[in-house]
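What Swiss-Prot records for this protein:
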{"type": "REGION", "residues": "1-416", "note": "region 'Helical region with structural similarity to ARM repeat domains'"}
{"type": "REGION", "residues": "417-1481", "note": "region 'Required for assembly of the IB complex'"}
{"type": "REGION", "residues": "754-773", "note": "region 'Disordered'"}
{"type": "BINDING", "residues": "Q801, Q806, G826, T827, G828, K829, T830, D831", "note": "ATP binding site"}
{"type": "MOD_RES", "residues": "K1055", "note": "N6-acetyllysine"}
{"type": "COMPBIAS", "residues": "1396-1414", "note": "compositional bias 'Acidic residues'"}
{"type": "REGION", "residues": "1396-1481", "note": "region 'Disordered'"}
{"type": "COMPBIAS", "residues": "1418-1448", "note": "compositional bias 'Polar residues'"}
{"type": "COMPBIAS", "residues": "1455-1468", "note": "compositional bias 'Low complexity'"}
Amino acid sequence: MAAPAQPKKIVAPTVSQINAEFVTQLACKYWAPHIKKKSPFDIKVIEEIYEKEIVKSRFAIRKIMLLEFSQYLENYLWMNYSPEVSSKAYLMSICCMVNEKFRENVPAWETFKKKPDHFPFFFKCILKAALAETDGEFSLHEQTLLLLFLDHCFNSLEVDLIRSQVQQLISLPMWMGLQPARLELELKKTPKLRKFWNLIKKNDEKMDPEAREQAYQERRFLSRLIQKFISVLKSIPLSEPVTMDKVHYCERFIELMIDLEALLPTRRWFNTILDDSHLLVHCYLSSLVHREEDGHLFSQLLDMLKFYTGFEINDQTGNALTENEMTTIHYDRITSLQRAAFAHFPELYDFALSNVAEVDARDSLVKFFGPLSSNTLHQVASYLCLLPTLPKNEDTTFDKEFLLELLVSRHERRISQIQQLNQMPLYPTEKIIWDENIVPTEYYSGEGCLALPKLNLQFLTLHDYLLRNFNLFRLESTYEIRQDIEDSVSRMKPWQSEYGGVVFGGWARMAQPIVAFTVVEVAKPNIGENWPTRVRADVTINLNVRDHIKDEWEGLRKHDVCFLITVRPTKPYGTKFDRRRPFIEQVGLVYVRGCEIQGMLDDKGRVIEDGPEPRPNLRGESRTFRVFLDPNQYQQDMTNTIQNGAEDVYDTFNVIMRRKPKENNFKAVLETIRNLMNTDCVVPDWLHDIILGYGDPSSAHYSKMPNQIATLDFNDTFLSIEHLKASFPGHNVKVTVSDPALQIPPFRITFPVRSGKGKKRKDADGEEDDTEEAKTLIVEPHVIPNRGPYPYNQPKRNTIQFTHTQIEAIRAGMQPGLTMVVGPPGTGKTDVAVQIISNIYHNFPEQRTLIVTHSNQALNQLFEKIMALDIDERHLLRLGHGEEELETEKDFSRYGRVNYVLARRIELLEEVKRLQKSLGVPGDASYTCETAGYFFLYQVMSRWEEYMSRVKNSGTACPDAAPDAAQVATFFPFHEYFANAPQPIFKGRSYEEDMEIAEGCFRHIKKIFTQLEEFRASELLRSGLDRSKYLLVKEAKIIAMTCTHAALKRHDLVKLGFKYDNILMEEAAQILEIETFIPLLLQNPQDGFSRLKRWIMIGDHHQLPPVIKNMAFQKYSNMEQSLFTRFVRVGVPTVDLDAQGRARASLCNLYNWRYKNLGNLPHVQLLPEFSTANAGLLYDFQLINVEDFQGVGESEPNPYFYQNLGEAEYVVALFMYMCLLGYPADKISILTTYNGQKHLIRDIINRRCGNNPLIGRPNKVTTVDRFQGQQNDYILLSLVRTRAVGHLRDVRRLVVAMSRARLGLYIFARVSLFQNCFELTPAFSQLTARPLHLHIIPTEPFPTSRKNGERPPHEVQVIKNMPQMANFVYNMYMHLIQTTHHYHQTFLQLPPAMVEEGEEGQSQETEMEAEEETVSAQGNLTPSPADASLSQETPAAQPDCSSQTEDTSAPCDIATAAEPVSAAAEAATPQDAESVPTETE
């Protein structure tokens, strides 16, 4: 197998390069935003830039990046565009800038939307240029860029401006391009289209000739473009050299065709045009397909196009076609061919009279039609309306090969899509893993196209939706598997021994050489399948390794996935491995196959089952694992061996590799998706079209739902009637009781709901439009029935005063339908979620709610808040791992709940025993739940009924007299039982009050027996597993899990009969599209319908998306787009929370520009912590400029493992300064945008202050991506980069970075780089308005009483650079130590001898510690050149380090830092460093 060439990484230009560039000088003169006096617009500038900078450099990305970064498009090109100045250079410049924006994944159409007037003219010019001759004004390379621009347009149909232009190209009138017979056939198939067609013809007749000609040009554009492509394709020879421009043009063209076919609005009309052009036949017969090197990607793209042209969908209705319907279409085609043959071609009588199954295979068709002449074939095709009729006495102009392929490919039997999927192996093999076209390297730049599906706004059918996600999920995991294989195998250092075998010169923790491999079982296939049902093998390895690694291998559990690898190295013993060179040829990797562990074998060869019993101790170091192989892959390999004489792969394996369990769940998720595609997945009708991206996006909003609920009990949502009135501005609130004393929560609210034609319209936010009718809400206060006399009987209540927007979100969540809540940072997303859950629980006690989150941390936060509300904990259940992190003493996992039920049962039976005793009833009523039930029925209930009868009858003697309150207490039968409740139970003030108390007491008793009846199942079910299943299926009302757990366990949950009515998703914008979809289908449909009633998604699409490690999948396939984000883009109504209560108002301003209307809650202005300044620091937020330290800015020891020593030291110095002032270390977190910097900062903290009790460690040192969803009072942020902005250019990452701090944010960065970035301007314009040097007030200790923004009474010191700060902190620390020492001597008055003795002991101890620490940290720590630089900059602050023995954890020379590559970084491999462009962990 040929090793793929290593792609080159695109290096972004540095600041100095940017400044030196000719383009930058022009930008500063004509369009740079920071320049006040700009030169007037000059068209020659555009011509010059295009010719000299873009064309001359062969459209080099570096040049185009520079132009786009300088805001060339926004500030010069489009701002000055008009038909008068339009030219080739102008058009191409705009196209290049738009394409670059899409490559960088930044919004591209905003500029055009602001000034849309000339866009139609510009678009027409693009169309004209795309059809120009390739050897004319526009080169093929330029036309390829135009195709890419058109592709972006077709994929941006959600933008009104673009859609209005594209619709002129693709609509019913484009069928003008069909041959007349084919047009007639299509109109006959769909009769309603004929009416529209006649209307179009009429309208065309009314148009003036010029407009008609223009319309015809647009309608025939794609037909003409296809013809142009075919001519380019035919110009490529079979073996002679070919320019890559032609190949790239063809690849981009097929990509455009795929995208047009994969979108229903474009496919509806275009698929017929494409079919009529026979493009696929031309492509499959072309020379390019047969050119191995150049045509590989083209062939893969062509297969994708073939798949989509024959997709199982009705183009006109958009309905998915069933297997039977597809078979009927196939039979109709064959029979129409047979009819034509029978009527007109006597030589085809045998074919015409055969049954379909005999003649629809490719071989049969070739046998029948191959002998026919070209003219005859043409006539057959013309009878089927595939080609125009052949005139009499004329020969066909088509090749016989083309005509034969046209008929055969159209009529051959097809394998159904689901069959293909079921035959596909789930594990990747070496052919896929190292195929750069489908699994690109981390260096993917976004330039070329790839044979990958794209996730855009719309999908053809649910099958298409699942299939695209299936393929992308599979390939994304393949990319991670490739990284693991390359890391493990290269660590093992496979070399060729002198006898030609393999010798391993190294070792790897995650891989072991295989001693023996045997296939032990190949089970028979199921009926109708040709692959075995099961294939099992035994793998033996020798675990001569450290104990903890041995434990890891022996700890492999059932269903863990491993990989079997064959290496045949050709390099001799001792050859060094070079990571920069292709991996495969260095290690000689030949095969990779996946397997799934069944278990380890014991001494007798039996599988050791997973379970609570301890594992047997096995002797020796040899271990054998029984594994399941992929039956589909095994079948393919065996077929290849038998038919083609290939080597038996299963005799060759010599390495087994395991993976981290956390990253190794891909097979289970793929199986889940495949199972979904094999079942009739029933999505609720009200969601189906929205998920596919069609129809009215607001159709699932509660205001449009037919089953909208008029009256809702808001329970404890409102704190008072005033709160309720404030929550519904613009509504008339009518309370059913007039007494203010009775207008107390809880409230039931009746909303005006009308259906049919008079239904109220809602705007995009779900707010009702003003109508003539008054918006009247009828509010009914109601009293929660008394639950008993004990304090714990009182319900827990909500204490949060929700804003009116939060109330709208809660109201929407309680109603049936789809609710989308956009929650900016600090706006109370979790509180809203918990209140919705509580309200659904109380309003619909029979319904079950599923909670799904992205992370265990979010699930824990939800659970901690749910427990604070009035929800019975026996109805809560948590599935999956992570519950151990819950900060509560209660265990909500399955077995935790089982234990709770068993313990609670015993408690309740004790209560029954006490009740029995108090009533003087003999026997053992509390023996079981069953006996307790009989006791309640015969002893308790009878007494209660008798009591009620006596109390009522006591008032009948004198009908006019009011019932006597005293008799309520007198006749009460349970006085003795309630003797331990707060006394007196009955107040004696009124009959009604006492009667309510008596009923409350009975409710308390009744609840005991109700719970025991529920717990009765735990007496009947004996095993913990059965009990936990019962809890899941019957008992729990609120079930929580992560999206990953849902994807892994869907099969088990469905099998158990799991049911739910509502789904609430937190962190919805961070969940992968497919992982959001799977939880909708964790239950079987009832009578063919889904029972799902509500889907509430809460998230923030302006923060970071799901983590996708491979850049190609992230950008090219848009795999990072969550379902939540897609719904927002499609236009589904959202409730946008608009008041934050986390951060100071000034900090909120750094990111609130990204949201519609984000304000602050009142307490942000009022509470002292927000109004007080940050002690010792002049500003509450500041951007601090960091220049090169020792001539170095950013460094990159491994790919994408960026570090910046100067910033790292500066950040740690500020942290130490704050701690020395008295700030609690746990209130400070250090964030950075790259993993490399994170490791460097951690190293420096370990060296500087980690073990120092005066300073300590910050709360967290981590990346911005990992810190999403968390917060702290003070954030120190390092942006690392000095050459290019990098991935902070993604505004979502900027929003996360700016919104983590509550009280103080201090950012360390190269200001000259970041301030010029267009996307970051709103935040950086505020940051750069303040001084760019750190301003500190060293004499102001923490906490301070100074108000934020006040000028301090103390002197402000300006820190110019990192070395100055480092020395300042060192001196401050020494001063503090001396002051403390002086205090000890003066005030504690210790005897001098003790002081000296103590100092001496401490000195010796700390010296020894310092020595150990120094050796462990660096081996041999010598002063670095930083000493010299420090002494030059700050001569006064150069202490004598040698005398420092009082506390060596202080920085000896604080600038003598770790080297740019930290200790951790040096050892880091690409796997450890996670060399990921997105730099997420």
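Quick reminder: no glycine exception, Cβ is built from N, Cα and C everywhere.
The sparsest Cβ neighbourhood within 10 Å, among the listed recorded positions (K829, K1055), is found at K1055. Counted within 10 Å of its Cβ, the other Cβ atoms near G826 (ATP binding site) come to 21, all protein chains included. Among the residues the record lists as binding ATP, namely Q801, Q806, G826, T827, G828, K829, T830, D831, the two farthest apart have Cα atoms separated by 15 Å. Highest Cβ count within 10 Å among the binding-site residues Q806, T830: Q806. When Cβ neighbours within 10 Å are tallied across all protein chains shown, the highest count among the binding-site residues Q801, T827 belongs to T827. D831 (ATP binding site): 17 other CB atoms within 10 A of its CB, across all protein chains. Taken as a whole, the region 'Required for assembly of the IB complex' (417-1481) shows an average pLDDT of 84 in this prediction.
Taking the Cβ of G828 (ATP binding site) as centre and 10 Å as the limit, one finds 22 other Cβ atoms among all the protein chains shown. Cα separation, K1055 (N6-acetyllysine) to G826 (ATP binding site), rounded: 40 Å.
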